[in-house]
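Per TrEMBL, transmembrane segment is recorded for B:57-76, B:82-100, B:107-131, B:151-177, B:229-248, B:260-278. For B:103-282, the entry in TrEMBL reads domain 'ABC transmembrane type-1'.
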Amino acid sequence: MTPESKIAIAGLYKIFGPDPAAALPLVRDRGIGKTELLEQHGHVLGLDNISMTVRQGDVHVVMGLSGSGKSTLIRHLNRLIEPTAGSIHVDGTDIMDLSPRALRHFRRHRASMVFQRFALHPHRTVLGNVAYGLRVQGVKRATAEARARGWIERVGLSGFEDRFPTALSGGMQQRVGLARALATDSDILLMDEAFSALDPLIRTDMQGVLLALQAELRKTIVFITHDLDEALRLGDRIAILRDGAVIQEGTTPEIVMRPADAYIADFVKDINRARVLRVKAVMTSDRAGARGPAVDAQTTLEEALTAFHDDPSGRRPVSREGEGIVGSVGLPEILRAIERPDISGSDARVTPQARAAG
Amino acid sequence: MADPNWLIDFPAIDDATLRAINRAIDDAYLGFTRTFGAAIEDAFLPLLRLMVWVEQMLLGAPWWLVIAVIAGLAWAASRRPALVGLVVGSFLFIGIMGMWEDTMRTMAMIAVCTLMAVTAGIPIGVLMSRSDRLKGAVVPVLDVMQTMPSFVYLIPVVMLLGLGKVPGVLAVVIYAIPPVIRLTDLGIRLVNEEVLEATDAFGASPWQRLWGVQVPLALPNIMAGINQTIMMALSMVVVASMIGVKGLGQPVLRAVTNQYFAMGVLNGLAVVLLAIIFDRLTQSYGRRLQRYRDDA
């Protein structure tokens, strides 16, 4: 385990049905697939040999369509669902070994959760909801409420402390949900399709709220979504789940420029690559022949195009904050990256630089 | 038994055998009451003392104080002047018509019976909501308690404890406890799964989950159960008066046996007024408990 690894999932299986333990060897040792398991053995394969590492301070997005097992997976991270087999180490401790008491401590202090349909307590006010995690920890009411007020302000809900959740719009309710999760000061945030139930505009707004908070708090966030745009906007790393198995895991450019199979390629084919990909993913470290003003490595390809208005055939130097010039970029690479990948020949298009940028 | 006409007449066991069976059961139970009757009576002594204490308190307090306290409760539960007016008016009517003492005795019994039904019923309902097996075992018992004619279980209770307040309270509680058990169970089972999952995700202990989330969210249903329990207890006052429980039931019983129409109606009306007051009081309180629903 690398030192920066926060959550390490290894060999995780979840099988639903009357006798999961008996069905496990069929899947693990004989490689029976989801469909056959259901039709011939009457069990549902929820998670199929998941192994994944979440790094400290990352927003780790797990993306998949409904039924892919993503909500099941995130519920294993705080053991709302018990696995059939496998381990989940958080900071080196296997949470499967926790006693009920230790598990409660883990849920109170280490990992808090935000839910797709908010799941607020209808009989508590906004203040009562945000303070709930602290109250469960045993913090005195006055202290808990004072801290809760701070978080209510941070998520922009000042003035609504004494309202009940039913009086709030969906977006506001989820701000309460977010504040409730942040208030416990846990270092891990589990977000289960947290913004999926919101209107598109509110969703974008909430993504902005989350990114702003994350820039300061640097929590380890596992974010579940079925929305690729959301995944690309929020994720430091993205894992794509299908039929309970991870079919690709990597950084945004890796997923976009090097989809592992036709399924993912189909997913990413309609996104605006120029806006999602950044110069750092296509640049070369060779700076010979680069002229003109430097382009920042963090610039999106869309913005970088403007640097080539006057001299389309030349190369521009690429700078990185704190490191100066680190390489160069030219129009051909940018155009290749923006082009839709052809699945069969996708490997041929991947530049060594793109691999390195992962 | 070997009747040749068994196809026409039902082949029942003959009278002698039936008598022997009945006698055997009666004797066995009589033996049980002789052996344990005194001990069981002692065990119910605290209940008797509570009953007597509440009754003495209601009878000993000046009438205007009793009315003021109940009117205060009505205000606290509902914040509606109309309900307070109803309470004051009803009790003034009851007092003027000379039924004050009987009404206080009936109220004392209803109060004690409701207290017992709630303290026993809510925990049973909570346990039932957590185990389908327990529910499967308890529900038939509740069905029997509600449908068995109440006179039938008066017999063993009276054999065991004689006539008086305690057997009366027991008979009433047996009859009136099912709704609070059923509705506690129902209310807790109806609490939203997602809310409970979130509660678990924040590390709530089973106790925090029960008292902080499940019971508060089940309260509207629990209050409906308590309301039903009070109504059923009130409907038992006449039956309870047959085994010596004093109160509004006794004049009704006397009115039935002597054909005193007006007396029967008046006392019956007092029971109705009590029922309306308790019903409105508990319902308003139940509504106020869930005012979070009206915030939208």
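Placed from the backbone N, Cα and C atoms, the Cβ positions cover glycine too.
Automated prediction, rather than curation, is the source of TrEMBL annotations.
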Study note, to complete from the structure: In the same chain, residues at least 6 away from the ends of the transmembrane segment (B:151-177) whose Cβ sits under 8 Å of its Cβ atoms read 29-30, 33, 37, 40-41, 44, 47-48, 51-52, 109, 112-114, 116-117, 120-121, 145, 229-230, 232-233, 236, 239-240, 242-245
Point to revise | Residues from the same chain, set at least six apart from the ends of the transmembrane segment (B:57-76), whose C-beta lies under 8 A from its own | key: 83-84, 86-88, 91-92, 95, 100-101, 104-105, 107-108, 277, 280-281, 284
Review point. Hey, which bits of the same chain come close to the transmembrane segment (B:82-100), Cβ under 8 Å, at least six residues off its ends?
Key: 63, 66-67, 70-71, 74-75, 248, 251, 266-267, 270, 273-274, 276-277, 280-281, 284
Check your understanding: Are there residues at least 6 beyond the ends of the transmembrane segment (B:107-131) whose Cβ is under 8 Å from a Cβ of it, and what are they?
Key -> 47, 50-51, 54-55, 57-58, 138, 165, 168-169, 172-173, 176-177, 180-185, 187-189, 210, 214-215, 222, 225-226, 229-230, 233-234, 237, 240, 245, 247, 274, 278
